Amino acid sequence: MPAYELSAPYTPKGDQPTAISKLVEGVNGGERYQTLLGATGTGKTFTMANVIAQTGRPALVLAHNKTLAAQLCNELREFFPHNAVEYFISYYDYYQPEAYVPVSDTYIAKTASINEEIDMLRHSATRSLFERRDVIVVASISCIYGLGIPSEYLKAAVPFKVGETLNLRGSLRDLVNNQYSRNDTEAGRGRFRVKGDVLEIGPAYDDRLVRVELFGDEVEAIRYVDPTTGEILQSLDAISIYPAKHFVTPKERLNDAVKAIRSELKERLEFLNGEGKLLEAQRLEQRATYDLEMLQQIGYCNGVENYARHLAGREPGSAPECLIDYFPDDWLLIVDESHVTCSQLLAMYNGDQARKKVLIDHGFRLPSAADNRPLKSEEFWSKAKQTVFVSATPGNWEMEVSEGQVAEQVIRPTGVLDPLVEVRPTTGQVDDLLGEIRDRASKKQRVLVTTLTKRMAEDLTDYLAENKVRVRYLHSEIHSIERIEIIQDLRLGEYDVLVGVNLLREGLDLPEVSLVAILDADKEGFLRAQRSLIQTIGRAARHVEGKALLYAETMTDSMAKAIEETERRRKIQHTYNEKHGITPTAAGKKASNSILSFLELSRKLKADGPDADLVKVAGKAVQALEEDVDGLALDALPELIDQLELKMKESAKKLDFEEAANLRDRIKKLRQKLVGSSR
């Protein structure tokens, strides 16, 4: 019997039953690669859910960005309310990797800001994979990075069972070894406290406390309790408390790792000295020797991940263990928006290695640091035994490896046709667009506008705002959770128009959007290629009055093919509707917000509103950069710090580490002044 319980107020319709049947048959028959070629709004996620439910396997649903992953997680949680649907993305709010710039002899240390709530969700995912089979993990591409050793993580879990004798001192020691800290004053995630015969633990994977009640040496009761009120939420017979970090190194393995690091250091120093690189040799010896001392004394050092190969006991060049290795052997991979996601897999490894090579060549790291890396594309696919690619525009590679195992899904259960596509001249495009926006807004419909450049998007947003249009600009500096909030606000009618560059194409489920406007549609390139145009047009495919405006002076080959494919689908859909007497109806899908609700960040993000006066604030920040810190007004400091952090993150993304480091130092100075003023 399948382990999943699919809950939905409707049954498969249109060509969904055929697609589901073909994909399930392929999975059960051992097909390695299959493709679901589904037009936007045809219910691809519902088809995916049915395939997962009918095959009964643990599943990894891979998305190409955090926003899409959150949306998929929300939808799958609605389909599987009684099963484990987990969310696994990068837990960094900000991450600047360690780097060295030889031209200016500048070393930049790693700096990062970890989102504790997302870290909790990551631990929840791995815990579910150990304890049950009805697990769906929705992940971003960050799942291909190293994640400890699953066998050691499982082995290190501290068990508690009602009725069994407990060595309390031994359990406390095990918790400390698993990187939990004792705090008898304040309980919380990653901490524990002891009061008499009661042990309370804040597991890494939950925001509830685990209370273990003892009678002498015997476990009398185990309960989940509310950390704030102390209310008993659930009684348990047994529980395993997994480590607070995924990276767990037993003492004997740590000793072996130290020996291996010393051996590699000796060999590398001989090489550098032989090459006459005396400065590099001295630098490496000093850094590595200090790290070794820290590892021996406390089992940890800054940059410990650079010794991951030795700590895991892996061979040189071998693949790291990642989230995939926490799955059982018969797991199923579903790659959403595969034409984008598969390309990301190719790029991650190369970018990581280029940066590390500079650090190794200049004596900042041992060569083994290069093995602290994401999976190579071929390593990833060797671990994925069965895959279903999902896309409205699958790439050539996916279609090739699927070898005819393609299920096409064109008919929408709602009967809604693909959008009408109209080409209009670029002359006066902004004023023409303004009129269209006002018309749609009067009907309480939403509009998406995509431009070619960030500057154009900013200018258009300003212009629309000046003309009393409720508009927001979705840009790359916005944190993942806030991005979800902005999209939710569009759906809820907080504003009518969302402007962006390359953030509005794949997978965003926005039934309220009736108009998509593509400015400069005839400018050939990645953003105006056939696949990109089809995806962007598809953002209006869930609305009965869906329409796409392409502003262009000439008809490019990409435009012609995109329009031709859209018309082909419209004809198929129209014929099906006539044959079955179907009248197109609105999707009526509620604006789910479960991820934000779970993290309890929704209202906080709305209150922060960092983009409301983005242009004005950025101007103040630039001006302040040229002024002496001592001359700044105190009430301007928080605003300035926020903007400098945005600039710092943008610089890090562009690999301009010198500028990012300068901004980081500036931020520290401003914060010191702010703290000093409050004393």
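Using the three backbone atoms N, Cα and C, a Cβ is placed for every residue, glycine included.
Swiss-Prot has this to say about the protein:
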DOMAIN    25-176  domain 'Helicase ATP-binding'
BINDING   Gly38, Ala39, Thr40, Gly41, Thr42, Gly43, Lys44, Thr45  ATP binding site
MOTIF     91-114  motif 'Beta-hairpin'
DOMAIN    429-591  domain 'Helicase C-terminal'
DOMAIN    638-673  domain 'UVR'
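When Cβ-Cβ distances below 8 Å are used as the criterion, the motif 'Beta-hairpin' (91-114) is approached by residues 122, 303, 355, 358-359, 362, 364-365, 479, 645, 648-649, 652, 655, 657-658, 660-661, 664 of the same chain, each at least six residues removed from its ends. When averaged over the motif 'Beta-hairpin' (91-114), pLDDT in the model lands at 87. If you draw a 10 Å sphere around the CB of Thr40 (ATP binding site), it holds 25 other CB atoms from the protein chains shown. Using the Cβ center of Gly38, Ala39, Thr40, Gly41, Thr42, Gly43, Lys44, Thr45 for ATP, the list of other same-chain residues with Cβ within 8 Å runs, in sequence order, Thr47, Ala392, Gln409, Arg412. If you take the C-beta of Lys44 (ATP binding site) and look for same-chain residues 6 or more apart in sequence within under 8 angstroms, you find Leu36, Gly38, Asp336, Val390, Gln409. Neighbour count (other Cβ atoms within 10 Å of the Cβ, all protein chains): 25 for Gly38 (ATP binding site). Per DSSP, the motif 'Beta-hairpin' (91-114) is made up of 3 helix, 15 strand, 6 coil. In the three-state DSSP reading, Gly38 (ATP binding site) counts as strand. Fewest other C-beta atoms within 10 angstroms, among the binding-site residues Thr42, Thr45, are seen around Thr45.
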